[in-house]
């Protein structure tokens, strides 16, 4: 194997990414080297491409980016015991310290010292990516490559959706991006009574209808209260999944929650915004922030969902070769796509 590889790199502090030749990562004693088969583009990668304020404060240059992937192990460190060469794998993109209070208590997703693959350390938009053995997840034979490549965002959806009991509950999802749609699918799969998803993007609303979400609402044209009456809801929503990061959507969700309702919040707002805290207090709402995936319960759950028949294939709207990465990023930046998966 050559000691150089192709990778998408943030080589300079401006808009874009560039295909470069960079060294193959060195494998430490507890590390696994993975030959990447498929990569998917995340909203985080779009922020890095756009070189927005968050990216400028966060990303060291140069940096190999990307963190949604699947591949095959080609080398293991001498201390690795649970994985082997030739194994199909994906990986948890949050590298935790293992030493802080939360890590030692089994709450790694709450680690204060988390490093992000493709953010703080070299990522998976490359022919090879290196991860600690602890972060590597085996992919069963009955899970397709392209589905394993989107397990990172699917995990965000699963973590958000499973934050609260969904059985027999009425669920509102604000934001019909890929993660929002996947969250709605999980809610349906778990036995929610009515699942309503809202957005203002017609392309994403059409995708939500295509995958089988029962109640799809264009918030720019329809009043959510009217929709609730039409579908027979006499009280508010029991569970809210906030996936949009949009102030109007979040305010509408708070307004439409039942007393004692529970809201899991994954969407990141571009700037701070006001909400009516009196409604939160007097409705006795429970708000929970979500970041990433629970390690590794979320991974077990999402593998089980896929093996149990949950079809995510329609969430992938663009399948391209890695040399077409520019087209993939344009699709993601337009907001008129589902997931974009790139083949190495």
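Glycine is no exception: its Cβ is also placed from the backbone N, Cα and C atoms.
What Swiss-Prot records for 44 (among others) is active site, charge relay system. Remark: residue 44 (active site, charge relay system) has 67, 118, 119 as non-local neighbours, by Cβ distance under 8 Å and separation of at least 6 in sequence. For the recorded site, residue 44 (active site, charge relay system), the DSSP three-state label reads helix.
The active site, charge relay system feature in Swiss-Prot is assigned to 47 (among others). Neighbours of residue 47 (active site, charge relay system), defined as other CB atoms within 10 A of its CB across all chains, total 18.
If you look up Swiss-Prot, you'll see 42, 67, 68 marked as Zn(2+) 1 binding site. Around the Cβ of residue 67 (Zn(2+) 1 binding site), the number of neighbouring Cβ atoms within 10 Å comes to 24.
Among the features that Swiss-Prot reports, Zn(2+) 2 binding site is placed at 97, 100, 103, 111. In three-state terms derived from DSSP, residue 103 (Zn(2+) 2 binding site) belongs to a helical segment. In sequence order, 96, 97, 111 are the residues near residue 103 (Zn(2+) 2 binding site), counting only same-chain partners six or more apart with C-beta under 8 A.
Look at Swiss-Prot and you will find 179, 199, 204, 266, 267, 268, 290, 291 tagged as NAD(+) binding site. A sphere of 10 angstroms centred on the C-beta of residue 199 (NAD(+) binding site) encloses 27 other C-beta atoms.
Summarising the NAD(+) site geometry, the residues cited as binding it (179, 199, 204, 266, 267, 268, 290, 291) extend over a maximum Cα to Cα distance of 23 Å. Neighbour density around each Cβ, counted as other Cβ atoms within 10 Å, peaks among the binding-site residues 42, 97, 100, 111 at 42. Reduced to three states, the DSSP call for residue 204 (NAD(+) binding site) is helix.
With every protein chain in view, the residue among the binding-site residues 179, 266, 268, 290 whose Cβ has the most Cβ partners within 10 Å turns out to be 179.
DSSP assigns residue 199 (NAD(+) binding site) to a strand. In this structure, residue 111 (Zn(2+) 2 binding site) belongs to neither helix nor strand by DSSP; it is coil. Rounded to a whole number, the distance between the Cα atoms of residue 291 (NAD(+) binding site) and residue 100 (Zn(2+) 2 binding site) is 18 Å.
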